[in-house]
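These features come from TrEMBL:
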type     : residues : note
TRANSMEM : 64-85    : transmembrane segment
TRANSMEM : 97-116   : transmembrane segment
TRANSMEM : 185-210  : transmembrane segment
TRANSMEM : 230-248  : transmembrane segment
TRANSMEM : 269-289  : transmembrane segment
TRANSMEM : 309-332  : transmembrane segment
TRANSMEM : 344-368  : transmembrane segment
TRANSMEM : 388-407  : transmembrane segment
């Protein structure tokens with residue numbers, strides 16, 4: 001992408017369509033970035049946590065918080081410094097700086113190869129899961145004697161909820177550890193599914209919230225905030241909330257070190273639940289602000305963009321609590337051989353939330369269109385009902401919170 005931005009022959013002429021070659025270069029670069037980011041985000045959290053002392057759960061939890069902090073810091077730099085460079089110096093300089101910084105990061109990471117803790121590759125976790133499921137289905141009509149069942153697992157078994165998978169052991173190539181891994185992974189899926197709706201709310205920060213900000217008063221004294229930099233608000237809130245959360249937890253733990261019941265409030269499942277509750281609250285705040293903005297627009301008054309701060313504040317803290325809790329929960333609960341894949345569920349939740357957000361927009365327009373007028377039809381937000389769509393997300397997130405509480409209590 002750097003070469004394409006630098007060489008005018010690889011760029012389409014003004015007001016003309018790009019050639020097939022130009023499109024191929026662009027999409028190759030975009031998909032390569034997506035693959036690289038996906039690999040880093042899936043493997044790096046688990047790799048970093050593997051370097052720590054697992055007997056100190058607080059240390060592991062703190063690592064995931066600061067890992068999330070580094071992601072937000074990178075996003076903040078991209079939304080401010082890199083945008084300024086691209087607008088004032090050109091896209092090619094933005095790509096060049098990215099190449100240099102990534103190369104430096106790779107060199108620094110490579111310097112740790114001699115001292116990193118490594119785990120031997122154990123093969124594909126997905127293949128083992130599918131093998132167990134296939135064997136359990138193939139032997140579904142067979143019966144596994146209780147004596148043999150106890151002999152295989154011993155007196156302490158981790159998962160009695162999925163006893164039907166025990167029949168996979170009647171296959172010749174399935175080990176008891178593989179069955180346990182499969183049970184553990186299946187047990188994580190309801191928690192994973194319950195976090196997807198929260199990420200639908202995050203998708204609004206990149207779409208409708210930006211559109212709102214574009215038609216609001218973005219002036220700060222003599223400075224006008226660029227539309228592309230509106231993401232600075234939630235990122236700044238996340239960056240601020242992480243050190244505050246770390247300080248609060250450390251102080252609270254030091255004062256209540258002898259009260260395990262009180263300390264349980266910082267468990268990942270409770271943290272995720274609080275984040276999901278705040279996501280619902282953020283959409284309620286967004287609906288109220290949008291209704292106020294439309295009312296002001298009808299009176300020819302342009303509302304300040306800082307009114308969006310309420311939804312940014314609640315959703316920023318929600319994302320910090322939920323994503324940090326998910327990384328810690330999936331890493332801590334997953335078997336050693338599946339930690340990298342389990343932490344990747346956090347990013348799968350984000351991706352699926354963005355896709356489902358698009359589906360919800362389509363469904364909302366279809367239903368509201370049949371009832372009279374599409375909520376989100378047209379590019380002028382003053383003639384849409386974005387406030388009703390936000391309220392719909394608020395209700396769906398509240399229902400999702402109840403669903404999450406059900407599965408979290410059963411876990």
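Glycine is no exception: its Cβ is also placed from the backbone N, Cα and C atoms.
As the structure is a computational prediction, the values presented were derived from the model and not from experiment.
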Contact set, same chain, for the transmembrane segment (64-85): CB under 8 Å, 6 or more residues outside the stretch: 44-45, 48-49, 93-94, 97-98, 226, 228-229, 231-232, 235-236, 238-239, 242-243, 245-246, 320, 323-324, 327-328, 331
Criterion met for the transmembrane segment (269-289) and the transmembrane segment (185-210) (at least three Cβ pairs under 8 Å): yes
Interface check, the transmembrane segment (388-407) with the transmembrane segment (230-248), three or more C-beta pairs under 8 A: no
Same-chain residue ranges lying at least 6 outside the transmembrane segment (230-248) that approach it to Cβ under 8 Å: 62, 65-66, 68-69, 72-73, 75-76, 79-80, 205-206, 209-210, 213, 305, 308-309, 312-313, 315-317, 319-321, 324
Tertiary contacts of the transmembrane segment (97-116) (same chain, 6+ residues out, Cβ under 8 Å): 2, 47, 51, 82, 85
